[in-house]
Amino acid sequence: MGFTALSALLLFAVALKGDAANRHAAASPQIALRIALGKQLFNDPRLSADGKISCASCHIPAKAYTDGRRVAIGVYGRTGTRNTPSLAAIEISKNVSFFWEGRRTTLEQAVIDPLTNPMEMGLQDKTELIQKVEQNSGRLIVFAQAFPEAKVIGAEQVSAALTDYVRSLNSPESAYDRYTLQGDRRPLNPQAQFGLALFRGKGRCADCHLLAGSPVLLTDHAYHRTGGGLNAISQYLPSLTEAVIQRSLQGEAIGNRVATHEDEAQLGRFNVTRDPADIGLFRTPSLRGVALTAPYMHDGSIPTLEDAIDQEVYYRGLQAGYPLNMSVEERTALKAFLETL
Ligand code: HEC
Ligand code: HEC
């Protein structure tokens, strides 16, 4: 057996066995190869400017593919402005937009951006990316196997492999999934069941973190005001929004702008639409695996799950004009429920 066929087979075996054991891999050997290739790329620090940062540096499997930091730290120790979101829920919660303000509408675009983001992997451009990819000769063979129709390796193939890998990262079946999908009452103890009732009823959490979908989505894919508030920037909002408009007219990528300007990052959805009504709006995150993804919110400003619940109870009620009064027991029950997701 030639080296090429052998390496393809080995990769196939790895793909089926690895943490990404998944449905479509079995369906198509080609997809299994792409997932295996995507996994290699995801874990390869040589694809970064300083050779030290891979996707997995910030998206750590044991933390539902988050990093446990307030905001992300990329090449040369550069500190960004945003909290790293989970990748484990992307496929299962049927995300239709990506990043906290939804600046990308396809996963193919979202997986390639970090490579050239100055605060993340810091490459100059896609040409440099392809040079780095080609330095690994063994990998060229794998590319040829995974993309037999492609004449050269381009950013498009890198993106396709990363996309297939990220889509395969479904979070494991949660206690709540077993409760709803299998009709098994045991995974939710009475306290968690009380929490579920509050989440759906009195707390109105499910208005945005939808309990619809099977498995459950826990997001409405919409944008809402942040509880963190705009206090820090409200003083000079007019000049700030004007600066954003100027820079986007000059064609500066939103992702690079928000990663380097903390104040602009706080403007949220406005960065995409430039509509004043969207100032300070952020995408509702899916709460799948939320117990593993501290700290919380787009800017990582909330350190613990208890604090996040306190803030959401206080702020969402206030905002919607139904101030919520929740006892310690009720908040503890909400937490017990969130831990089953
Ligand atoms: C330095 C840390 C860091 C690195 C390295 C990194 N990411 Fe991320 N990732 C983030 C942060 C922070 C965000 C949120 C950025 C924002 O919303 O502005 C994010 C967002 C994403 C999203 C969007 C998720 C969603 O639900 O909206 C995807 C997909 C993603 N990253 C994939 C990758 C891939 C693939 C790589 C490697 C090519 C990578 N990331 C490298 C920190 C990182
Ligand atoms: C109006 C829509 C809305 C309602 C109602 C709502 N949330 Fe949220 N939730 C959001 C948005 C938007 C964010 C992200 C805010 C940010 O990043 O600043 C969020 C963030 C969170 C987070 C942090 C998740 C993370 O990954 O960082 C938790 C936990 C949470 N909500 C729980 C709740 C609970 C519990 C309730 C009910 C008391 C609730 N939410 C009600 C929209 C809502």
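Glycine is no exception: its Cβ is also placed from the backbone N, Cα and C atoms.
What you see is a predicted model, and the numbers here were worked out from it, not measured in a lab.
What TrEMBL records for this protein:
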BINDING   Cys55, Cys58, His59  heme c 1 binding site
BINDING   Cys205, Cys208, His209  heme c 2 binding site
DOMAIN    33-170  domain 'Cytochrome c'
DOMAIN    190-341  domain 'Cytochrome c'
SIGNAL    1-20  signal peptide
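Locations of recorded TrEMBL features on the structure.
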residue: Cys55; record: heme c 1 binding site; contacts (Cβ under 8 Å, 6+ apart): Leu41, Phe42, Asn43, Pro114, Met121, Leu162
residue: Cys58; record: heme c 1 binding site; contacts (Cβ under 8 Å, 6+ apart): Thr66, Asp67, Ala72, Ile73, Gly74, Thr84, Glu120
residue: His59; record: heme c 1 binding site; contacts (Cβ under 8 Å, 6+ apart): Phe42, Tyr65, Thr66, Asp67, Thr84, Leu87
residue: Cys205; record: heme c 2 binding site; contacts (Cβ under 8 Å, 6+ apart): Leu198, Phe199, Glu312, Arg316, Leu334
residue: Cys208; record: heme c 2 binding site; contacts (Cβ under 8 Å, 6+ apart): Thr219, Asp220, Ala222, His224, Thr284, Arg316
residue: His209; record: heme c 2 binding site; contacts (Cβ under 8 Å, 6+ apart): Phe199, Leu218, Thr219, Asp220, Thr284, Ser286, Leu287
Neighbourhood of ligand 2 - binding-site residues from Cys55, Cys58, Cys208 with Cβ under 6 Å
Cys208
By DSSP assignment, list the helix, strand and coil residue numbers for the domain 'Cytochrome c' (33-170), in that order.
65 helix, 6 strand, 67 coil
Per-residue pLDDT averaged over the domain 'Cytochrome c' (190-341), given as an integer
92
8 Å Cβ shell about Cys205, Cys208, His209 centroid, heme c 2 site members excluded
Phe199, Arg204, Ala206, Asp207, Leu210, Leu218, Thr219, Asp220, Thr284, Leu287, Glu312, Arg316
Simplified to three states, DSSP reports Cys205 (heme c 2 binding site) as helix
